[in-house]
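Asks: There's a structure below that I have some questions on.
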Amino acid sequence: MKCVASKFNMWLHLGWLLGLLLVLLPLVRCQGWGEPRFETGNVENISLAAYNEAQLQQDVWMVEEMDAPFVLLYINYQGPSEPTIRESPADLDARLQLSEGGRWSIVINRRQDYEVHQRSSLILLAVESTAIPYAIVVNLVNVLDNAPVMTAQGSCEIEELRGDFVTDCLFNVYHADGFEENGIGNSSTNELSFEIGDVAGARDHFTYVPSTVTPSQPIYNKLFNLKVLKQLDYTENAIFNFITTVYDLDRTHSFKMSTIVQVRNVDSRPPIFSRPFTSERIMEKEPFYATVIAIDRDTGLNKPICYELTALVPEYQKYFEIGQTDGKLTVHPIDRDAEQNELYTFTIVAYKCHNRLLNTSSEGAIILLDKNDNIPEIYMKPLELEFWENTIMELPFDELVIHDRDLGENARYEVRLAETVAGVQQTTDSFTIIPGNGYQRVSFTININNATSLDYELPERQTFVLHVTAHEPIEPTHESTQPITIRLKNWNDEVPKFGRDEYQISVPETIGAGELLATVTVTDRDIDDGIRLFALGRLAESLSVTELPVSAEPETNLPLYGFEIATKVGDIFDYDIAKEVIVQLQAEDTLRTAKQESLHQIFSQLTITVIDVNNKPPQITLPRGTMHILENSVPDSAVIIGEEQIAQIIGTDPDTEAELEFSIDWSNSYGTKSGIRAKAETYENCFYIHEEKVNRQRTIGTIRVNPTFPLDVDHEMYDTLFLVIRLVDRNQTILPNTVETVVAIQIDDENDNAPYFDNSTLTVVRSVKERSDSGVTIGNIIAHDIDGPGNNEITFAMEPIDPAHKGWMNIDDNGIVRVEGNRSIDCDIPPIDKVLQNVTISDWKWSNWHVFEIVLMDTNNKQPYHDPFPNDGQVYQFEKIPSNTAIVRVEGKDQDRDVPYHTVSYEINYRDFPQLQRYFEVDSTGRVYVKENNDLLDRDAGLESIMINIVMLDNAGGYDIQNRVSTNINLTLLDINDHTPKLPELAADELKVSENAKQGYIVKTPFAALDLDDKRTPNAKINYYIEEMTPELETPLFSLENIDEYNAVLRVAQDLKGFYGTWTLKIKACDRGSEYEPIIPLTEEPKDNCETRDYELTVEPFNYNTPSITYPSRSAQLRLKYESLQNGRPLVETNGSPLPKFEAIDDDGGIYGDVTFSLTSTNDGEQDHEVFRVDKVDNKTGLLVLENSLAVQPFPKNYSITVIARDGGDRQSEAAIHVVFINMTGEPAFLEPTFDTDFTENEEGRDERRQLPFAEDPKNAGLPPGAETNVYYFIDKTYGNASHLFQLDRVSNVLQLAQLLDREEIPTHEIRIVATNNENGPPDTVLESSPSLLVVRIKVNDVNDNPPVFQQRLYAAGITTNDRVPKALFRVYAEDPDEDEIIRYELVNGTAVGENLQTDGLPFRLHPDSGELTLTSKVQPNQNGYYQLTLIAFDRDDTHNDTVPAKVYIVSESNRVTFVFLNSVEEIDQPDVRKFLAQELTGAYEMECNIDDIDQTTASDGRQAGGSSSALTDVRTHFIQDNQAVEASRIQQRSSNRTFVTVLKTTLRTRGLSLQDVPPLATEALTEADETLQIILIVVSAALAVLCVILFVAFFIKIRSLNRQLKALSATDFGSISSELNGKPTRNVPTTNIFSIEGSNPVLNDNEFRDRMGGSGGGVYDDLSLQSEESDFNDVDRDIFAPKRKESLNPALLEHIRQRSLNPMANGTDKSNDGAPTSNHKKLDETDDELSHRF
C-alpha cells in the first residue's frame, strides 16, 4: 500500500499520539521503496504472490533445477540503507547483488533439487532495520526431471491357453518426482505409459494395467499387473523376453527393462509319437517285438504315457499285446496258413495315463511272410476207379483237389502221373492230368489220352495203380503221392451162383489182422468171365476178400471162383456190442457182351458168432457231491457226502471174467493247506479203501480212516486231500487193465487249538506322542488261531500295569490300540518314557496274555525364552564393521523333556528381514556377529541404523514342530570417510556439443560428483579440477568451475569451430575429509579422497558422412540353411550359427549416426527383396529375417539384393549381396556333365596325372577353403568297360592310369565319376540323371610306335607316247596308325627292263608329301618294256618306314581301255577306291589291271550329246599279263558279254561305282586337214537329210488335213449314219455337243448364237473339242503357210466363211490377244440351255 494511505488510516484509528508514532514508522519504512516492492525478472520459472505488508512477507515460487547462479527477485528499493541478508539457508547460498540499473537483487548460487533440498526456505532480508526484517519465503516447484525406474516384484509365470485376464505378475514403477496430484510444475499429475517391444509377438500378447495392490510410499511408487490379451501357447514360446519401456508424463523420460515371462505349460495336448509303428514284415509262426514311444506334447509337464492296442478284426486281438506303460509291442506267433490272412492291421492309442481323453492314435500293420512249412496235400475221392477197357474218357473223381496252404512261391507245385503195372512203377502215356501245375488250392482232372494200352486181355492191366504226385519245384522234399487203384471191367451175360446160400463161422472178439474168416466159392458160365466178391455193410472196409485161383467145378466143370474172406485189421469185433455179426456178400461178374447188358449181381450172407474175451479196462464212477471228513476222526471212519451219506466209489468192468480191486496211489496223491502243498508224512496212508464186491463186474469202495496211521487227520496240517484212486482188473490179460481218477476230500475243522500272539507282534516297538488326540492309533497287536472259521475268532482286552495310566489307551476287537483320553498323555512333568499294558486274547474256548511296552514320544510344546538385554538392545558401531565382530550374545532356555526339544538354537530372521542375510550371522551359542564375506555395513548407502531380528528355536535339527521366539537388536552406524567422490557417468548426449558452440556455452551443469558419505560432513563436500585434456592444445577448449560446495559447471572456453572430434578431459574431484571431526574418535587420521576420470566430449559435426556398411561386405554371399524357415525368425547359416546382424558405421553423431537398413532387388524387374526384411536392432545393426518363407527357393536360386544403410540425414550407402539357401541334405553336383582329358599311350602315360573337375557340393557353396564338407570321388565300376584301366584319388580327384593304354587299339575311353560325401564309396544305385555323375572322355595321345604301311603292296601304271609331260601316273598312300603323322615319300632306286629305256636317270619324280609319281620325260616311240621302282614311306621322325615296289609299263594306245563311270572324279580318285577298282577289274578280267589316270569326260567324246549328266568320269587303264601289255580289243571283246558286264556292274555298285560303258577302241588319228574335211562333209550331209525329212513330213500332214477339210464341208442328212448325228458319235466333231438333241437345226449362223456368247461376236464355241486338239475341223479355214492368226485371212473371205460354215470356229471371234482386246469368252453353264450340254 502507499505510505500516504497507511499514515491516514493509522491517524484515524489509534489516536493522535499513537498515530504520530505509527506515522513516523511507515514514513521511515516506505522511504525509498517502489511498487511493487519485489518483482522477478524470470516470469517463466519464478512467480511471486501478492506482498503481505502486514507480515512483511513475500512468497516466492520457483521451479527446481534452474542453472545457478540466477536472480531470485529484484528489490525495488532506492533508499539510503544497504540491504543485507540476515539469515538464509546454506542450501540456497543466497546473496545480495547490486545490478547495473542500481537495483538490488537476491541471487541464488546453488542449484535447487526438489527431491534433495528443502522444499520451502526462509530468507530474512534486512533493509531499513535488522530488527524488523522482510520475510521472503522461497517455495520449490517440482518439475519433471527424473526418469522412472521399473522393477519386477518377483518372477513372472503365466499359464498358457487363457486369454484376456490380469495375471499376478507385479511390477513396481518408482518416480522420484512422485505422483502427487498437480505436483509437477503446478500443472499436471505425473502419468505413466508403457511400450512393449514387439519380440515374438509380445506386444500382441501383453499389456500393463494398474494393480489393486497399494504400494509402499504410493506417492513415489505405482504397481502394475501384466495383463494377457491373447492366450499364450507353450509350444510356440515357452519364454517371452522383451523390453518394456516405461514413459512418464508426455513421454519426457523413459526407462527400459528386460522383462522375462515364463509360460506355464497346461496339461491340454495329446501325446505325439516319436517312434511310431507303421508296418513290419515278419515270418509267420514267430514272435515279434518292437517298442512304440510317444511323448507328451506338453513338454513342460512330460506326463507318463500309456498305450493301448486294438486290432481292426477282433478275432486277431489275441495275437497282439502292448505294454501299458513301456510301449513294448509283442506279436505272438501267427499261423498264416491256418488264418489264411497275411495282413493284420491294428490301432495303437497313446494317451496320458492320468487323462485318457488326451490321446492320439497310430495305424500299424503286420504283414506275414510265408514259411514253407506245408506240403501239397492231395484230396481225392474215390481212391479206386473202375471203367471200361479201351475207352477215352475223363476219370470220374468226385473230388480231385491239391492244396498247398503256403503262399507265393511256397504254394506253387507241379503235378505228374505214374503207374504201377505188374509191380513195376513207370511213367504213363495213357493218362494226362490237367493242369500240370497249381497254386494253393486247384481242382484237377485226369483224362485218358491213350486207351489202346488199357486192354482187359492183358492180365497185368486188369488191375493196376495210378500214382498222382505233387511236388514243390523250390523244395523237392515237399512231395505227396496218392495212389489210385484202377480196375478194367469186362462184359458178362450169366448170373453167377454162390456155393452156399449162407455161411456161418465163430471167431474170438480179439481176432487179429489177416486172419481167415471163410472161403466162398462162386460159379459163372461165361467164358473169359470173372467174378468179384464184395463184403457189404459196416465191416466191409475191415474185411479183405481174396480171390483164389480159378478151378473147375467137379460136377459141371464150370469155372469155380473161390474167395477167402479175412480181416484187414484187428479188434473189429466187440462181444459186448454185438454177439453175432452178419456180413452181406455180393458176387458180380465182370464180362459185358455187345448188347451192353447190366452186370449180374448175386448176394449171400456170412454169419459171424463172436466169442467173448476179457480185453476191456475197468471204469470208475464217483459219487456226486463234496467228499469230506471231520479232523481227528476215529479209525475206520468213512468219508461222507453231505451230512451223513457215505461216499461210495463204484468200479465196473463189462468183461464177464473181471476181478476188480481198488487202491490208493499215495505217490501221486497230495494234500494242501490253503492251496499250499502239505508235507507228505502228515497225511500219507491216513486213508484206505474198504471194498464191497457186488459181483465180478461191479465193486463198491468207501474211503475210511486207516487204523494203522499213527497220526490224526488234522485240519491244521491239510484242509484238502487229492487222492489218486486206482481200479485194477486182475484177470485182464490185454493191457491196459487199470484206470485211475482223482478225488478231493475236504478235512473239516474243530476247535482244538488256543490262540497265540504273533512272534513279530511281541517284538515290535509301539509308541505314541504325548498330548495326542483321542482315537489316534498307536499300533496293532496280531494274534492267531490256527483253527478254522468259527473256531478262530479272537477277542482282545487290555489293562495298564500302572493305575496312573488308566484312561490313556484302549484296545478294540481287532487288536488296534488307540488313545482313549483326549490330550491326556503327558511325558514332560514328570518325565515318563514308556507305559506297560497287559493284553489278553481269547476265543470262545481258549485264552492267552502278554505285557506290552508303549513308548511315549515327547512333543515340542514348550516355548524357548531369554533374559532381558541391557540398554534394550541398542548398539553403536562405526560403519563397515569388520567380519566376526560380535554384536551381542543371546542365551535361550526351554523346558521340554527330550534334548532336541529343550536345546535352543539361534538364527537370524532372514525371511522377514532378508537384508540381514547380507551382514550378520548367529552361532549355536547365541553370539550375533558380522558374517564372513559380508556385505559392507555402509551407512553411506543409506543404512544409518539396522534392527537385527534374532529367532530362538528348539528342535532345530528335527522334523517335528519347532517353536520360534524372536527378539530385536538395534544397531546404529556412524559415518567414516570411506568413499571417494564418484564422478558422474555422463551419457553421450550430455557430453555432445555442436561444432557451432561459442565461448561460454554451458556443456554440463551442474557437474556433480557423487560422494556417498554424509552430506552434513566435509566428507561429502567436493572441489573440482580439469587436470588434463587430450589431444593437448595450447589453449584449453573447456573450463570447470565450482558453483557451490557440491557442484560445478562445465563450459566451453573458446569457440569450437574447426575442433570437431572427441576430446578427453581428465577431471579430478576431491572431498574435504581432512576437515572432518566426528563425535567419537576415528581409528585413522582423516584425509581427502580424490578420483580422476576421463570424459569424452564429442563435438558433433554436421552430417558430412555417409554410413559405411561393415557387414555384410559388398558382393558377399550369405549361405543359409534351407530347413526350418519361419517368418520373422532369425536365419541360420549353414554351419548352424545364427546369421550375424547387419552392421554399418557412421562417425556422425545423433540421428546422423542412426543407421536404418532396407532392401531392394539388385536386378531390375526382379522381386528378390520381397522375400526378406531387416528388423532394426539398434542404431547400427539390423537383423535379416524372412518376410515370406513359403516363397523361398533353395540353391541354385541366388537372391540378388542390395542392402541400403541410411542415416538420419538421408545419406545412404549400398552393398549388393547374394543370398542362397543351402539344402544341407543335397549331394555334390558337377557343373558340367562331361569332361574331356587325355593320357599318353604306352610307358609314357604311366606317370601322368590329370586333375578332374571338382563337384560343387551345395552344402559348400561360398565356403572358404578348408571349411567345406569333404567330397569323395570314385570311378563307377558299373559304367562302360574302361573303369579297370584307371585309378582315382578319392580326395584330390586326380586320375591316373592303372594299366597302360594303346591308342592304336582303342583311341578313346569313357569312364564315369561318382561324387559323394561318403568316404566309403558311392551308393549302390545312382540315378542316371543325378548331377553327382561326371562322364570323363579320355583321348589317348599317340606315341610314334608304329611304322607307316602302304595301302597297296604293288603300284603299277602305263605310259604311252601320247602322254603329256608332266603327267601324274599314280599316287601312293601309306597309313600310319600313329596320330597326326606326316608321311614323307621317297623314290630310292629303280631299274629299267626293256629296250631303249633310260638307265642313267629315271624319267619319274615322286612328290615327297602327296606321294604322286609324275612322268618327267616323254616316252619315245622306240621304247618298250617297263621300269621297276622302289618307293619308301618315312614317318615324321624317319623312325619307321615301309617299302613297296612299283612298275611303270610302256604301252601303246591300243593297250588302253577306258571305263566310263557315272561318278565324279573326286568319288573315284581316292586310294581305297582306286585299290578296290583295280582289284575288281583284275579279278574280273583275270589279268593285272593298272589304272593310268582318272579324268572328267570331255564334251568332244560324244557321249554327252544327250546331256543326261555332267558327272561322267573316264578311268583309263591297261592290263598286264606276263609282264606284257594286253591289247584293248581283248578287254573290249570280253566286255561285249552282257552277263559279264552285268555282274561287273553289280560288283562295282557295292562301293557306289556306277559303270556306264566300256567304249570301243578309237580309230587311228587322222591328219589335221583330213579331219577338218571329214567334219564338213558330215555336217552338210546331215543338214540335207534333215531337210528332206522335214519336207516329206510337211507335205504328208498338209494333204491329210486338206482331205479332212473337204470331207467336212460336205452336208449330210440329219440323222443319217454318215452324219453321226442323233446317235453315238465315233469321232470328235465340233458340233457333236451342240446338235446332239433331236430337232436341233444344224444350219446355224453366228447371229443365232450371238446372245449366248454375251457379245457381238462368235457363235457356239466348242472349247472341249478345241482343247482336245482332236477336232477334224482344226485349221479348216487357214492357209497351210499362213501364221495361226485369223487376221491373215482376207476379211471378205473370212466373213463369207463365217456366214456359211457350220464350223463354230469359223463363227467365233479370234481368241488371240496379240495386240487386240481380249475377247469376252465365256463358257456356258450346263443349265443355260439344252443346247449347251457337253460331254
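Using the three backbone atoms N, Cα and C, a Cβ is placed for every residue, glycine included.
What Swiss-Prot records for 1-30 is signal peptide. Per Swiss-Prot, region 'Extracellular domain (EC)' is recorded for 166-1456, and the stated evidence type is a curator's inference. According to Swiss-Prot, the domain 'Cadherin 1' annotation covers 171-273. Per Swiss-Prot, the feature domain 'Cadherin 2' maps to 280-378; the stated evidence is sequence analysis. Per Swiss-Prot, domain 'Cadherin 3' is recorded for 379-498, and the stated evidence type is sequence analysis. Sequence annotations record features per position, and here Swiss-Prot assigns domain 'Cadherin 4' to 499-620. Swiss-Prot lists 621-757 with the feature domain 'Cadherin 5', giving sequence analysis as the kind of evidence. The annotation domain 'Cadherin 6' is assigned in Swiss-Prot to 767-866. What Swiss-Prot records for 879-983 is domain 'Cadherin 7'. According to Swiss-Prot, the domain 'Cadherin 8' annotation covers 985-1109, on the basis of sequence analysis. Here Swiss-Prot flags 1136-1235 as domain 'Cadherin 9'. Per Swiss-Prot, domain 'Cadherin 10' is recorded for 1255-1350, and the stated evidence type is sequence analysis. Here Swiss-Prot flags 1344-1350 as motif 'Toxin-binding receptor motif 1', drawing on a curator's inference. Residues or ranges marked as domain 'Cadherin 11' by Swiss-Prot on the basis of sequence analysis: 1351-1461. Under the heading topological domain 'Cytoplasmic', Swiss-Prot lists 1596-1735, citing a curator's inference as support.
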Asks: What counts of helix, strand and coil residues does DSSP assign across the domain 'Cadherin 9' (1136-1235)?
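Replies: Going by DSSP assignments, the domain 'Cadherin 9' (1136-1235) contains 11 helix, 45 strand, 44 coil.
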Asks: Let me spell it out: take the motif 'Toxin-binding receptor motif 1' (1344-1350), skip the flanking residues so only those 6+ beyond its ends count, and list any with a Cβ under 8 Å from a Cβ in it.
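Replies: Same-chain residues near the motif 'Toxin-binding receptor motif 1' (1344-1350) but 6 or more away: 1241-1242, 1304, 1372-1378, 1381, 1383, 1431, 1433-1437, 1439-1442, 1444.
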Asks: DSSP-wise, what's the residue breakdown of the domain 'Cadherin 5' (621-757) into helix, strand and coil?
Replies: 3 helix, 71 strand, 63 coil
Asks: Among the recorded stretches 379-498, 621-757, 879-983, 985-1109, 1351-1461, which has the greatest number of Cβ pairs closer than 8 Å to the domain 'Cadherin 9' (1136-1235)?
Replies: 985-1109
Asks: Give the mean pLDDT for the domain 'Cadherin 6' (767-866) on the 0 to 100 scale.
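Replies: The average pLDDT of the model in the domain 'Cadherin 6' (767-866) works out to 88.
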Asks: What does the DSSP secondary structure composition of the domain 'Cadherin 10' (1255-1350) look like, as residue counts for helix, strand and coil?
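Replies: Result for the domain 'Cadherin 10' (1255-1350), in helix, strand, coil order: 6 helix, 32 strand, 58 coil.
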